[in-house]
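*Asks:* Handing you a structure now.
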């Protein structure tokens with residue numbers, strides 16, 4: 001994990017809050033509350049903003065990160081997102097970590113750690129594996145408490 005300067009950290013909280021808004025939408029739809037936004041690094045504008053949608057779409061691939069990457073690639077007509085950052089409320093799983101690598105996102109910011117399924121720093125550590133050919137800069141713990149509380153509330157509600 002890298003440490004951001006206070007000024008940049010405060011600025012990045014804005015984008016994570018946008019991802020949290022998406023996670024709250026997922027929560028209200030009885031989806032696992034994970035939100036993601038992709039930001040153009042050059043002009044600091046959000047180009048994709050979405051949330052988990054596996055239940056509604058009846059598709060295990062519809063994680064927030066995958067949907068956001070698809071939206072961003074379609075918008076810019078490119079499979080490479082070299083000049084873009086992704087903000088996700090929860091540490092990405094192996095599938096999403098691989099998608100982040102394959103789309104060549106520059107930086108990954110995430111909120112809460114996922115000690116069961118996380119594939120960045122908590123468990124698998126995909127970006128450190130020999131199978132990974134692109135490693136984004138990684139920043140974790142951004143608004144982690146907010147993200148973690150939303151996840152706990154969701155799973156408490158459904159169990």
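Think of each number as a place in line: the chain as shown, counted from 1.
Yeah, the Cβs are placed from backbone N, Cα and C, and that goes for glycine too.
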*Asks:* Starting from the Zn(2+) binding annotation in TrEMBL that includes 93, 96, which of 63, 102 is the extra site residue?
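*Replies:* Looking at 63, 102, the one TrEMBL places in the Zn(2+) site next to 93, 96 is 63.
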*Asks:* Which one of these binding-site residues has the most other Cβ atoms within 10 Å of its own Cβ: 93, 96?
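*Replies:* It comes out as 96.
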*Asks:* Which whole number is the mean pLDDT over the domain 'CMP/dCMP-type deaminase' (10-131)?
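*Replies:* Here the mean pLDDT over the domain 'CMP/dCMP-type deaminase' (10-131) amounts to 97.
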*Asks:* Quick one: Cα separation, residue 96 (Zn(2+) binding site) versus residue 65 (active site, proton donor), in Å?
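*Replies:* On Cα coordinates alone, these residues lie 6 Å apart.
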